[in-house]
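Novice: Okay, so TrEMBL annotates it like this:
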{"type": "DOMAIN", "residues": "37-177", "note": "domain 'DUF2157'"}
{"type": "TRANSMEM", "residues": "126-147", "note": "transmembrane segment"}
{"type": "TRANSMEM", "residues": "205-226", "note": "transmembrane segment"}
{"type": "TRANSMEM", "residues": "247-265", "note": "transmembrane segment"}
{"type": "TRANSMEM", "residues": "305-324", "note": "transmembrane segment"}
{"type": "TRANSMEM", "residues": "336-359", "note": "transmembrane segment"}
{"type": "DOMAIN", "residues": "418-743", "note": "domain 'DUF4401'"}
{"type": "TRANSMEM", "residues": "419-444", "note": "transmembrane segment"}
{"type": "TRANSMEM", "residues": "450-469", "note": "transmembrane segment"}
{"type": "TRANSMEM", "residues": "481-500", "note": "transmembrane segment"}
{"type": "TRANSMEM", "residues": "506-524", "note": "transmembrane segment"}
{"type": "TRANSMEM", "residues": "633-652", "note": "transmembrane segment"}
{"type": "TRANSMEM", "residues": "697-719", "note": "transmembrane segment"}
{"type": "TRANSMEM", "residues": "726-743", "note": "transmembrane segment"}
């Protein structure tokens, strides 16, 4: 459960039992919550820095070695596996049917044996068992293709579903049951549409099949019954996982809502071929009955705010669709209709927000706070490595005189709204904002008769929307924040569009957009808006600088490379990268101020802007095939990222002994070579280093996803034979695995030396 610190406090008391009770009310001890305490003034910057050091959130040399070792190990395994797969695919035609079956069968057998040896109840064993079940599908496909058995596609999924079901019964994990459900759904759809011309027609006809809606409902009931029984047995705790029934319920809600939307707008148009035995009217009655029973069960018996939010969201969509089909307010004219519909959506969203917040508070009051654990397990991505509880940390800080002795533990059990509640309200706010923008646009163009100046009309219509969003953002309610954010973004987009339509020069428009966003973001003072503004500012300055270079050099002539203007992109990316590194290393100097959340937003937004520019440069290069690698737009970014890596390496290795610092600096020097050939990879390494230093899981996940996509694109567009690609992938995997092995050896030597010194 996400939480945020408030000004209240717990009474620590003198008894151990009372301290344990207070501790159980606290959320997990993470870096983010310590940072939130510092930003709200509960902790001073000195106490915050000491708390990070005590809990291990500031990575030391061993933590950095473990981090990069795991990164290289993961990357090496993926590259090596991809190389082997490409090699097999290249030689697939030359492999005998028996050899093909032996290859895929060895994968199934290897993962299955590994799962048995490690135990299916362990995490790695469960992953191997899931991989075994998933790989059975390709094995069946290879068998049917190699030996031409004549089986149809639905028969393959039937056998695969049976095998997955058997593994799920033995493995006792939700992932296998989910895979079984997906395979079974595909089997049922293909079997139902076996007489149709294509599988897509079968899936379309199967979408709102009443009989399948009953099957989904029965699956949800069976899972909830098993979870209710599993609550008494700790050995079956996997059944109490909520993501599986939530996905099933989302599937059911989407199918029923889509059917009712078609029924509202087009009438009963599914056709008789989409139904077996049950009539079309069954879906409407089933939806009402299932909605009522689900509301009662998940409100009274098993408290699940997610499913209640899905029900309310679906009901809201259906009500608005019915009113739109009834042409509510349409007779008043376009201008008035947009205004009234905007007010209607605003009111509906506000009521939805109030009711969801009421449900959240009432359901949270009945939960057992003692179920909250005080710490996370170790993660190689650096989420947390604390071995201290809140009480231990608070006592240590009091002994260090960083906080007063009488200061009790902070009160941090006030929950934030879950992401799905915020998503529903954000969607309502966006829809209302679009309707208000349309109202203002029609009002400006029709009522004020500004027809000849479209750019001025867009700009005039966007300013009130932006100001209204600013006034909503200052209110500390969940609806006003999301609605105001949607209005602010919509107004900013309108002003940006009018600016690009007015200014003839693309370069000038980019620089003006960056200046506009800097000014508006300082006015808004909200982290989400600041994040998007920072991302756009970095991208706009990059595109403006590249446009300046392009116009000055003229079709990227080689003889113009000596001009100083050519190095403007490199200077810009070096400044951004060095700024990010310095921001990360000197966090204490600005942490604890009121502007800290916006400073974080500038940090993460600037790096996100670099990722966007890198991806855009790949698309431009792929489309125009510019001949010089230095002119692909990524050259300056790669070298700038390498400079950032070098600055981090020099700063973090300053107090290390000579051999360790030499190794770190040598690795930083190697990043310049990598930046010249693979600028996107150097950018990813900079992001991984920054994310580890900041201990930010979200940033690490996004950077790893980007790196995977970048390397796939690179090897896909690499102009070499397929066999050479397989060789390059395999060699890259081996190099990364060797690096991971060397880092492990280095870490073992450090551990042995520390033990000897002790």
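Just so it is clear, glycine is given a Cβ too, placed from its N, Cα and C backbone atoms.
Automatic prediction, not curation, is the source of TrEMBL annotations.
Bear in mind that the values here come from a model prediction, so they are computed numbers and not experimental data.
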Novice: With pairs 6 or more apart in sequence, are the transmembrane segment (419-444) and the transmembrane segment (305-324) linked by at least 3 Cβ pairs under 8 Å?
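Specialist: In this chain the transmembrane segment (419-444) contacts the transmembrane segment (305-324) - 3 or more Cβ pairs sit under 8 Å.
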Novice: When you scan the chain for residues with a C-beta under 8 Å from the transmembrane segment (336-359), skipping those not six or more beyond its ends, what do you find?
Specialist: 299, 305, 308-309, 312-313, 316, 319-320, 323, 328-330, 417, 421, 424-425, 428-429, 431-432, 435-436, 438-439, 442, 477-479, 483
Novice: What stretch, picked from 205-226, 247-265, 481-500, 697-719, 726-743, has the most CB pairs under 8 A with the transmembrane segment (506-524)?
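Specialist: Checked against 205-226, 247-265, 481-500, 697-719, 726-743; highest Cβ contact count belongs to 481-500.
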Novice: Residues sitting near the transmembrane segment (481-500): Cβ under 8 Å, six or more positions beyond its termini, same chain?
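Specialist: Distant Cβ neighbours of the transmembrane segment (481-500) are 346, 349, 422, 425-426, 428-430, 432-434, 436-437, 455-456, 458-459, 461-473, 475, 506, 509, 512-513, 516-517, 520, 524, 526, 528-529, 532.
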Novice: Which sequence positions outside the transmembrane segment (205-226), separated from its termini by at least 6 residues, show Cβ-Cβ distances below 8 Å to it?
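Specialist: Distant contacts of the transmembrane segment (205-226): 181, 188-189, 192-193, 196, 236, 239, 244-245, 248-249, 251-252, 255-256, 258-259, 262, 270-271, 273-280, 282-283, 286, 290, 297, 302.
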Novice: Looking only at the domain 'DUF2157' (37-177), how are its residues distributed among DSSP helix, strand and coil?
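Specialist: Result for the domain 'DUF2157' (37-177), in helix, strand, coil order: 117 helix, 0 strand, 24 coil.
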Novice: Just to confirm my parser: what is the rounded mean pLDDT across the domain 'DUF2157' (37-177)?
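Specialist: Across the residues of the domain 'DUF2157' (37-177) the model's pLDDT averages 83 on the 0 to 100 scale.
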